[in-house]
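Below is one structure, written out as structure tokens; the observations come after it.
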């Protein structure tokens, strides 16, 4: 959610704003507009829905960690989900500051929210890239994937996570030192490159899942088809959410760069396009609950609910 907000709000930055211009910089939408109200409604929805959901998932993960044996291997998808949720929660705080700055007419509070939202841009992008890369290895290179799981895979995963958090901090320092706001060009490059990489991983997985695999005529064809169908649905959900998210960000940036709209209209468009990030905020937590057989809208068997999803992720 939040990095998308930072991109929509802050990549339309002071670098595009002339010092002699009579209108404020685009990311400082100090007027109370329709877009500001939509932003506030979305922030409230995350406080009422996403925050309790995140607490429940983190609590469930903590319980699993305590119950797991020392020899058990933690699912990489779950680990990425925990880190993504942590990044999202930081963004929720930034949303609160940004809304408080808008409605309280306190520019420093608004700037604090902008810097928080901008800081998590790099982090969340890379966590989604890591998630798609894990699925790519599991489906396209299953032998290599299983080899990594048995030796060195967890270490490589943990190093990648630490590196992402380091980039998160470095990006935050960069945005703070960039006194004119958040630079549009690096943000656009980050968005575009992340979208290309995740699209490549996702489309490769989808093609592999659609095409028939060798030896599928065996006796357990029905079970294999079921696992394949669930994997296909999971990848479609993630790809669709990420496409909507990145597309909304880039469209907002292009509209702002074209300077075809008035300042007030740009604020409405940018703050409204933030809603395109909502599906990507919920897709990983909901998939986590589905793997854990905790979604109330689904009926799960005592063993098959979680087991089938775990088998799919370990393919």
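Quick reminder: no glycine exception, Cβ is built from N, Cα and C everywhere.
Automatic prediction, not curation, is the source of TrEMBL annotations.
On a predicted model such as this, the values are computed, not experimentally measured, just so you know.
Annotation comment: TrEMBL describes 1-23 as region 'Disordered'.
Look at TrEMBL and you will find 38-58 (among others) tagged as transmembrane segment.
The transmembrane segment annotation in TrEMBL covers 79-106 (among others). Here the transmembrane segment (79-106) has long-range neighbours at 1-3, 5-6, 9, 29-30, 32, 36, 39-40, 42-43, 46-47, 50-51, 54, 57-58, 61, 112-117, 119-120, 123-124, 127-128, 130-131, 134, 157, 161, 164-165, 168, 281, 284-285, 287-288, meaning same-chain residues at least 6 beyond its ends whose C-beta is under 8 angstroms from one of its own.
Summarising the annotation, TrEMBL assigns transmembrane segment to 112-138 (among others).
Per TrEMBL, the feature transmembrane segment maps to 159-178 (among others).
If you look up TrEMBL, you'll see 184-210 (among others) marked as transmembrane segment.
Under the heading transmembrane segment, TrEMBL lists 231-248 (among others).
According to TrEMBL, the feature transmembrane segment maps to 268-289 (among others).
Same-chain residues lying 6+ beyond the ends of the transmembrane segment (231-248) with a Cβ under 8 Å from its Cβ atoms: 4, 8, 128, 131-132, 135, 139, 191, 194-195, 198-199, 202-203, 205-206, 209-210, 273-277, 279-280, 283-284, 287, 312, 315. Within its own chain, the transmembrane segment (38-58) is flanked in space by residues 1, 5, 81-82, 85, 88-89, 92, 95-96, 98-99, 102-103, 271-272, 274-275, 278, 281-282, 285, 288-289, which lie at least six positions past its ends and keep a Cβ under 8 Å from the stretch.
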